[in-house]
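TrEMBL has this to say about the protein:
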type	residues	note
DOMAIN	72-189	domain 'ABC3 transporter permease C-terminal'
TRANSMEM	21-44	transmembrane segment
TRANSMEM	67-91	transmembrane segment
TRANSMEM	121-144	transmembrane segment
TRANSMEM	164-186	transmembrane segment
TRANSMEM	210-230	transmembrane segment
TRANSMEM	250-272	transmembrane segment
TRANSMEM	310-332	transmembrane segment
TRANSMEM	581-605	transmembrane segment
TRANSMEM	637-659	transmembrane segment
TRANSMEM	665-689	transmembrane segment
Amino acid sequence: MTFKQLVFRNIRRQPRVFLSYFFSSVFSVTIFFIAAMLYCHPLLQGDTPEGNMQTSLFASFFTIKQILGYSLLLLAILTMLFLGTMFRLYLIERKQNFSLYLIIGMTKGNLRKMLVWENSLIGGTSLVVGLAIGLLVSKLMFLVVQNLLSLDYTLAFYLPVKAIVITSLIYLGIFLFISFLTMFFISSKQTNMNLNIEDPKLVEPTGNQYLTSLGVLLLFFSYLALFSLLKITKWNLSLNYNYTNESAKPYVILVSLSIIFLFLLVGVYLFFSQSLVHFSLFMRTWPVMLKKGRVLILSNLSYRLKYNSLVYSLIVTSATVAFVAMTVTMGLSDQIVYGTDQEVSLAYVYEGIDVKNESDRQFHQKNIEFIKEAIEAEGYRSKVTTLRQDVAPSVQSKQYIPRFYDDNMSTKDSVANGGSWKRLFLIPLTTYNEMASFKGEPELTLKNSDELLFLNGPSWQDQKHYRGVMKYFEGEEERTVPISFRYVEGKFNLGGDFPNITIVSDKLYDLIVTGWGMEESFSPLHIIDFNEWAQSSQIDKKIEAYLMPIMKQSFETADSTYMNYQSAYQTQQQNKKEKGLTLFLSTIIGAVFFIFSASTVYFRIYGELNRDRRYHKTLHIVGVPEKTRRQIVTIELILVFFLPILLAMGNYLMIMWALNTIFSLATLMIEVLLLLIFCGFQLVFFLVIRRHYLNEINLYVR
């Protein structure tokens, strides 16, 4: 028999071991290759539509190409961790085969050579198969991504040479890294085969008291440090990152969170390998645990906890990272920058800037007329409303102005005042009600002329009345008047850097405008609205084609007025792109983690199948009933499936609580949905494996 024949026969004779590793590798390659094809797709190289501002925190920091690039990096790291762990478990499961080879005279050098051949064969084949599957499903995936991103064009199929090269280089590097792991495995003291092809006798696990205490202390310290970090930063952070406290700066927070997470990882490993082992040994002293079949469960519990501690820790780590990555990705997509909510109902917001004379006003009026005519040419009714953004009083209240109201905007009043004054964008009540009537929205009323209504989204409803003061200028003098205010639901958002729309009485508005002393605004804001804007792709393209050259030319011309505009249709499309992309990326990250977790659990469970068969055969011989044996298997499988996941969920919820508090994310519903979906998959997987595992044991026992 030649050396190559031995390698092929090893693979054929142990299909369960090899196929688990092979299919895991194929799945990882396929997922990475699909993401790489999207990353290299020539039609996904752009950013956001011109003329429209990025609308979410996610888009504020990353372009589509950058998002895909970071996702590829994360997938590569998870895959390397995943496949490295899988191959280590694969080697451990074959230790008896290696011992047999050493008995018949194979040298360790030849053993290493055989393993490198096997890994190369599995790795190379899985790479080719994964690329082939990726190419076969690429058109379908392009259609899915096209719909998720709400693209107006077709993601055509292309020959992804660059994606193939990237995937091949990454996975050849990963398989080369795994081959080096093989060398260390064969050379390690742990694998000095003692010429014993039977399972070694189980040694009663013991724990180091100092390491046990250290594990508990590290977990306690991690959570305490997290609470302390929140306490320090809670009142110092805002989304515009104008920090007055050095300890509240973003990089300090992220570094602190990273250090806390590292302490948490070490604590988790010591918790599984030391603390739980001590606890299981301590449980043996409880009289209640010595009744019925519980003593049989405890006899194996400490051994399994000790033996599987590294695997448990890896599952906890990867689960925590995957959960946080998916939640933050989806949460940033949902965290819309203030004033650009998906429920924006103002079709076009046109801003004239630096308007000095009648010629400038005619320039902007011509553009507004073009927008209006383009809308009405399609048979739609439009309404133009002109507002003043230069009249910008500020309000202050010691009672309640929430952080989300204006803190994330560049329009915040002077930092020297601690940001306690909030700038307002005023609309007189009559004007607002005319706009609302045109949109079919309910009109609003004020209880008195000194009341202000702050428009907010439906999730921030608060019917209480608050009192404060408002300051404005009358000539060169600053005036301060007492006011009352409350928050009401409104869908009229201006977008961009504009703060909340604030509704005031016509009397108060005229008083402020008169005091301002300027009859004509030097930066008027024009709202051109129509109700059918969500289905107006052709109108929007026509308006964009007309306005973009004018806007670019006005920016390039010195000492001239210029303009900016925002389109609700473009905002809506951009939101769909971001949400679709984050949903897609979150899905593939979650899929990679779930396959990693499932494969790791599968290897650990079936790696001990032969020993469990003999163990349950012995229990059957000594008269232990089948019901008790089934309970033993069920409890042991519950520990493998759910113990690390429960700890990962606890860490995940703590980390997300910190991120939500510090960065004002709102991800509770995402967290609940994510955990429910994963628990559902895990429960189904547990029931399937339990049934199959019990059948395997019962067949052997009988």
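Every residue, even glycine, has its Cβ placed from backbone N, Cα and C.
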Using DSSP, tally how many residues of the domain 'ABC3 transporter permease C-terminal' (72-189) sit in helix, strand and coil. 100 helix, 0 strand, 18 coil
When you look at the transmembrane segment (121-144) alongside the transmembrane segment (67-91), do they share 3+ Cβ pairs under 8 Å, ignoring any pair fewer than 6 residues apart in sequence? no
Might you confirm whether the transmembrane segment (310-332) is in contact with the transmembrane segment (164-186), defined here as three or more C-beta pairs under 8 A between residues 6 or more apart in sequence? no
Given pairs 6 or more apart, does the transmembrane segment (581-605) have at least three Cβ pairs under 8 Å with the transmembrane segment (210-230)? no
For the transmembrane segment (21-44), could you work out the same-chain residues 6 or more beyond its ends whose Cβ comes under 8 Å from its Cβ atoms? 64-65, 68-69, 71-72, 75-76, 79, 82-83, 86-87, 90, 122-123, 125-127, 129-131, 133-134, 137-138, 141-142, 145, 151, 153, 155-156, 158, 160, 162-164, 166-167, 170-171, 585, 588, 591-592, 595-596, 599
Determine the mean pLDDT over the domain 'ABC3 transporter permease C-terminal' (72-189), rounding to the nearest whole number. 81
